[in-house]
Amino acid sequence: MNPRNLSIQLGDASVSGYAFPADHDPYSPTRPKLGIRPRLAHFTWANYTLTMATGGLALLLRAQPFQFPGLFQIGLTVYIINIILFTLITCTQISRFFLFSGTFKASLTHRREGFFFPTFFLSIATLITSTQRYAIPDGLASEPSAALLWVIQAAFWAYVAITTAVAVGQYSYVFAAHSFGLQTMMPTWILPIFPIMLSGTIAAVIAGTQPSANAVPIIMAGLTCQGLGLAVATLMYAHMVGRLMQSGLPDREHRPGLFMCVGPPAFTALAFIGLAQALPADFDHDMDGLLDTNIIRTMAIIGAGFLWALSFWWFCIALLAVVQSPPRYFHLGWWAMVFPNTGFTLATISLGSAFQNDAVLWFGTAMSICLVLTYGFVLFHHVRAVIVQDIMYPGRDEDFDDH
């Protein structure tokens, strides 16, 4: 759909207290400017894509294979900024629900915005992993670190329980309440399974510093959740490829969302290596020497290499689609160019470390630089879109079904 031809048939109704004519065009350069209160009604769940990307960036900076003085402090600053952003977005979202009665339920049940509800939990996932990387030293010598380990562990199990409920509950609701044609398939359909899948990534980050008695259950849970996420994402890939074969690429305004397909195999590759490395050195479940840590780590590296290639394929498909026809207007879906590619870059660095290959590690560093530049590019356009009212405006956000 061409946004220039998009119109909202509002009749005599009003949106957020502002009455629009029946032929109101939200993409018209002469559209009326709104105050902050009516715009808050369109502050959607998709705004958490900002904190997803920022948290992923903090984690990426900490994982750089070639550190330099001050890089840790830069990453720590990004981590703190992400906490502030998450708090501000949450407070704004709560204000929206209180100021406009019924918007909470409407946002969860909306056929488009509802799919962005899981981005709230994806942001929490980045906060948990970043807290592990920046707040817990490697040595574990101090008592505050030991106490924080317990908090991280409790946060992990709570996250697993809640995101399992989201994965089951949201898909069950979608299956019962909505009917989507194959030609409308978008990568956002993967989002409800994404949070539970990232349980594996969280486990890979936190298990290595946990006591052995706690680490093994965390690793087992993380591997199970990661497998569930990848399996469901693979089912969605079949629909996505079918949609692309039948109806072609999405509208240019939504093509950056294709990068979302990069995430599941990339984060699974990252989790495979991280979970294997986090296993206790003396792990041997049957005490027969057949399934020891070294064998598991070798299998993890092989599997990660296969999955990395799938991420690379999706990355190329998405990149060519966006370059072929770039979007004209900013949408919060642009952040898909950052967060899934963060997992892709982290998986590259993990593979380079596993193979002890400096060329791969330098390639991962180059990818990191490109990702930082992409983050700055998207952030600039995000801020600009807020100022010029290209988002948080009737008909311009995820609370309007335009595809």
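Cβ from N, Cα, C; glycine included.
For 40-60, 72-94, 115-135, 147-168, 189-209, 215-238, 258-279, 299-322, 334-355, 361-380, the entry in TrEMBL reads transmembrane segment.
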Range from 40-60, 72-94, 147-168, 189-209 with most C-beta pairs under 8 A to the transmembrane segment (215-238) = 189-209
Return the stretch with the most CB pairs under 8 A relative to the transmembrane segment (115-135), choosing among 147-168, 189-209, 258-279, 299-322, 361-380.
-> 189-209
Residue numbers, six or more beyond the limits of the transmembrane segment (189-209), whose CB comes under 8 Å of its CB atoms = 59, 115-119, 121-122, 125, 128-129, 132-133, 136, 138, 140, 149, 152-153, 156, 159-160, 163-164, 166-167, 170-171, 174, 180, 215, 218-219, 221-223, 225-230, 232-233, 236, 239, 260-261, 263-264, 267-268, 270-271, 273-275, 277-278, 343
Count the Cβ pairs between the transmembrane segment (258-279) and the transmembrane segment (334-355) that lie under 8 angstroms and are 6 or more residues apart in sequence, then report whether there are at least 3.
-> yes
Might you confirm whether the transmembrane segment (40-60) is in contact with the transmembrane segment (334-355), defined here as three or more C-beta pairs under 8 A between residues 6 or more apart in sequence?
-> yes
Cβ-based contact of the transmembrane segment (40-60) with the transmembrane segment (299-322), 3 or more pairs under 8 Å = no
Folded-back contacts onto the transmembrane segment (299-322), same chain, C-beta under 8 angstroms, at least six residues removed | 230, 249-250, 255-256, 258-259, 261-263, 265-266, 268-270, 272-273, 275-277, 337, 341, 343-344, 347-348, 350-351, 354-355
